[in-house]
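Colleague: Handing you a structure now.
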Amino acid sequence: KGKCPEDGWDESTIELFLHELAIMDSNNFLGNCGVGEREGRVASGLVARRHYRLIHGIGRSGDISAVQPKAAGSSLLNKLTNSVVLDVIKLAGVRTVTNCFVVPMATGMSLTLCFLTLRHKRPKAKYIVWPRIDQKSCFKSMITAGFEPVVIENVLEGDELRTDIQAVEAKIKALGAENILCVHSTTSCFAPRVPDRLEELAVICANYDIPHIVNNAYGVQSSKCMHLIQQGARVGRIDAFVQSLDKNFMVPVGGAVIAGFSESFIQEISKMYPGRASASPSLDVLITLLSLGTSGYKQLLKERKEMFSYLSSELKKLADTHNERLLDTPHNPISLAMSLKNLDENNDAAVTQLGSMLFTRQVSGARVVPCGSVQTVNNYTFKGFMSHANDYPCAYLNAASAIGIKKQDVDVFLKRLDKCLKTCRKEAKKENSVNEISNSNTGTEQLEE
């Protein structure tokens, strides 16, 4: 049926299934005589076993979705993977999605592929309207495709940074709809930025007949992000949404899923990919979904949501004890932010020092964001880089509850963060005392003179 099984398969069943697919590829035929330049020959037995002897990859030289006659098993693997992933995207909340395909590139390059496909539909267009998110790969995806990003600054509402809908529409009018390739919006993001107002953006795109590409990097794991995409497509226009395989399905980095509501447009994107492609990302995600089943994946989504609530409540308690606060970002369902205002005011270097202290204590993924850092990316200068705004009111620390996180991860993180904050505060007090003594000595010397 091409759907993810409800109950996961055991490993031996999955391996038997993969071996059955592999013996359908010509390089594994007993009497095969290969005289071409690509015959699935592998020098290392270890490499062959690592790939279950599925060596031919996916697609043909002109189309990543095409069936390869001498690799029937690999072709079937590709078709099944796309079908199973589509089923899981529907299960995660985007019910009306019609087509998707796994592409062996991470999110940034997959976005580039979408933009390059739109180029043929809108030859005059040279701009991409992009509500700002301080993450390099999605910004570079537009530059790499040869377009000029038009950065729309976010608006501060309480602690949250939200989409400036009026600024988006004003910019479309100023540039002219025909000169704009698309609106490039974002769902999953680091707090205090929250998912873009997808419904309003989708309506604007429909009204001005402008394509809309959504960066849904790690949004499949969030029912809120998926609901925004579903609603956006219902009330307006969303042409494609792109998500990472590793962030949403816990597989190695190197793959993404491009999905959408027009079967023909998603096929156009797949045909834009030049040549064959690695089957590794497809193989990894198929094995994972067959082992989890829909029940296993739903359980992971449920646990992630529970851990988000737990992380939120415990981080708030910790913030209170250090005279800081958990920033109020109710529209962000994955990422949280805790202010570092007191730390920042006492010592300029203390904020960045906290980040390095956490990293050396094996806390990965927590981002410490100081005030006022400036970064240039491809000749574009961003003030307040990493904070998604030119002047966010305070320095802060990010932590996220992503799929696969355990209670132990949260508890150990909070314990180590507490110790690091105490150490930073002690050092800041010492430095202040030294400065006070130094100042008082200077004053005495001046009096004596």
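Including glycine, each Cβ sits where the backbone N, Cα and C put it.
As annotated in TrEMBL:
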BINDING   ARG38  pyridoxal 5'-phosphate binding site
BINDING   ARG60, SER61, GLN68, ARG276  substrate binding site
BINDING   ARG234, ARG361, LYS426  tRNA binding site
MOD_RES   LYS247  N6-(pyridoxal phosphate)lysine
REGION    430-449  region 'Disordered'
COMPBIAS  434-449  compositional bias 'Polar residues'
Colleague: Hey, of the recorded positions listed (ARG234, LYS247), which one tops the CB count within 10 A?
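Modeller: Counting every other Cβ within 10 Å of each candidate, the maximum falls on LYS247.
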Colleague: To the nearest whole angstrom, state the Cα distance for the pair SER61 (substrate binding site) and LYS426 (tRNA binding site).
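Modeller: Just about 62 Å between their Cα atoms.
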Colleague: Rank the binding-site residues ARG38, ARG60, ARG276, ARG361, LYS426 by the number of other Cβ atoms within 10 Å of each Cβ, and give the residue at the low end.
Modeller: LYS426
Colleague: Quick one: pull the CA-CA distance for LYS426 (tRNA binding site) versus ARG276 (substrate binding site), whole Å only.
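Modeller: On Cα coordinates alone, these residues lie 58 Å apart.
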Colleague: To which of the binding-site residues SER61, GLN68 does the lowest count of other Cβ atoms within 10 Å belong?
Modeller: SER61
Colleague: In whole Å, how far is ARG361 (tRNA binding site) from the residue listed as 'N6-(pyridoxal phosphate)lysine' when you measure between their Cα atoms?
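Modeller: Taking the Cα atoms only, the residue listed as 'N6-(pyridoxal phosphate)lysine' lies 23 Å from ARG361 (tRNA binding site).
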Colleague: Could you round the CA separation between ARG361 (tRNA binding site) and ARG276 (substrate binding site) to a whole angstrom and send it over?
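Modeller: ARG361 (tRNA binding site) and ARG276 (substrate binding site) have their Cα atoms 43 Å apart.
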